[in-house]
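Here is the structure we will look at, set down as structure tokens.
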Amino acid sequence: MKRLTAWWPSLAARSHGRPDDEVRTALPWILATLLTAFVPALWHLPPWMVPLALLPLGLKAWAWRTGRAVGPWWWGSLLALSILVLALTHRQLGAGNSVLAAFVLVLAIKALETQRRRDALLLVFGACVLAALAMVHYPDAIALLLLLLLAPALLAALAALAGTPRPLRTGSTLLGLALPPALLLFLLVPRIPGPLWDFGLALGLPIGISLDRGTGGRGAEGVFTPGAPRGTGGGDGTALVAEFDGYVPPVSRLYWRGPVLWRFDGRDWHAAEGFERRAQVMATAFRSREQWAAEWRTPGRLLSYRMRLAPHGQKWLYALDLPAEPVAESFLTRDYQLLSMSAIIDETRYQATAYLDGRIGREPDPARLEAALQLPPGRNPRLVELGRRIAAEHPQPRERAVAALEYFGKGGYRYDEKVGAPQTEHPYDAFLFDTREGGSDLLAASFVLLMRAAGVPARLVAGYRGGRLMALTDFVLVKESHAHAWSEVWLADEGWMRLDPTDFVAPQRFADDKPAAARKPAAPAPAAAGAPGTPAIVTAAPVVQAGPASSAADASQRGWLAMLDKWVIRYDARRQSELFGDGESVSGGWAMLSAALAGILLLLAGLYAAFARWTAWRRADPVQRGWERIRRQLARGGLEVASSECPHALSRRLAGHPHGAHAAELAAAYARLRYGHPAGGEAAAFARACYHFRFFPDGER
């Protein structure tokens, strides 16, 4: 007990000690910083938190105003009250808000007992952390504006703690000087999407790529169950890395073709029989480039790329849809897929070409068309009935495809890759008419079945779609999370057409940096034959529903908040390529941005140096500036004046010079101004005389 009573007075004495001068001067700015950080946090906390958080700040302001100290009884009682309140309400607040509330109260009570500069700095930095925690509750653009409001108070508090006489002006000046280089760095420093590990892959560093066992893409083993859980990779594994030569298409147009699935048994989809048998693949694959060229109706834009493929234990090479020609040690099958001659058990590299757009498909074998119409009897009767109704209402296959896509676009479906297939006897009936949520695999498989029920041959294709464009390079990284499935339908006058219902259900997923609502609904129509950019398998534009959702989307795209969101919050590698690239290749972007960044930073450094020198010159003593001008003029006239020479000695030396009388008078005046008691206005007259002073050597005027 004696030890406790001995400790308590010492604590009280420390608490009642005089605060540091810097802390007392900076306290208003520290409290302003805390208040600016508290407001966004308290907005999302219960109302009773407001007085509990602001009372310590009010007490501290009162103590600063009156010069009194706040004893330990105050902050000790408030600390006990805060702990009690948090213990009673943490269940009501929830885990996240409980942490936020506790942090607010800790900072408020810490402000009440702060006396030393170290504690004041801790408070300021704690306010920064609190602001960052509170911003998770706000939209990105609003959070940015709130942080910009915090910056002046924060800088003023730091300037006051450093002993600056005018902290707000100093902080604002520092902020103004920092903004131009910060803006340039924000615009010009290459945006690196994803971890630096991925960037090392893109730069060609000796980093291997691999997938967890069993995660080699959907349907990699030739059997595909839509809606089944994905592998254990969690979407982080790198499936492939592609480096394009020149033009890099929008990532939404990159389909990496894997298994083509024809047979459906009511639950699973299967690749064509014998796809894994080398002899059968050799017998049915395209035997020559001429055979493959004859399959094309209208080739599109030719792309060249280099591929690094992660080992997945199967034969799929996941070439870009559609291959322009076979690659070494591979087969080009009748399903338009590249198969390796052996299983991919090590990282594989190959050079390949592809036609991004075009039309392909001559009249296939009738047996294959029959397989593309197969439906298991007695399964998914409501889906089959819908397909028959579409066929009755639309006599042409193209019209049936358009009607089915419009059904998906207007059916209120929700895209969610985490939602599995309904566990019922008729899962596609349940998905199409009841749950209405799922990923690309359920959407594509349902669309294929609907087309078959409507009498249109269709098949399911699995692989990957899209990728991550590495900043200002020609590299695209494709992750496990880019696994995708789509459908292909056969139209006699078009060939095989790629139709992806995901674009109709979730157009924002692959929006190509354009607002989804701005895309006009359109049917898949053929382009002019031979025109560049003709779609090989046309992807129809998504049909966007009219209603509250689209109205909210339209409103969010308007105004300055939308511009801020586009060019600041979501300024990524694609936006940077749009801003500084040529729209085709971004391979030269690194050199261009590096040169621009270096040049502009050097220019800014020169401007800052000139500004600092000019400011120093303006702040210098005008009498001293005038004397330095006299010395420079005398040196130009051939009369050197050492910086250590006394003005009186110089005046005597100039008295014997034929043109030194005026200079001698000015030297005497400088000595009088510097060491005597000059009259009012004499300094200004001396500065003017020095400005007009000229000294000429003998014989010159």
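Just so it is clear, glycine is given a Cβ too, placed from its N, Cα and C backbone atoms.
Annotations in TrEMBL come from automatic prediction, not curation.
Listed features, source TrEMBL:
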TRANSMEM  27-57  transmembrane segment
TRANSMEM  69-88  transmembrane segment
TRANSMEM  119-136  transmembrane segment
TRANSMEM  142-162  transmembrane segment
TRANSMEM  174-192  transmembrane segment
DOMAIN    432-503  domain 'Transglutaminase-like'
TRANSMEM  590-611  transmembrane segment
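In the domain 'Transglutaminase-like' (432-503), the DSSP tally of helix, strand and coil residues is 23 helix, 31 strand, 18 coil. Non-local neighbours of the transmembrane segment (27-57) in the same chain are 19, 64, 75, 78, 81-82, 85, 89, 92-93, 97, 100-101, 103-105, 107-109, 111-112, 114, 120, 123-124, 127-128, 130-131, 133-135, 137-138, 146, 149-150, 153-154, 156-157, 159-161, 167-168; each lies 6+ residues outside the stretch with a CB under 8 Å from one of its CB atoms. Sequence-remote contacts of a segment are chain residues at least 6 beyond its ends whose Cβ falls under 8 Å from one of its Cβ atoms, and for the transmembrane segment (119-136) they are 20, 22-23, 26-27, 30, 33-34, 36-38, 40-41, 44, 99-100, 103-104, 106-107, 110-111, 113, 143, 146-147, 150, 154, 157-158, 161.
Same-chain residues lying 6 or more positions outside the transmembrane segment (142-162) and placing a CB less than 8 Å from one of its CB atoms are 22-23, 25-26, 29-30, 32-33, 36-37, 40, 117, 120-121, 124, 127-128, 131, 135, 168, 170-172, 174-175, 564, 568-569.
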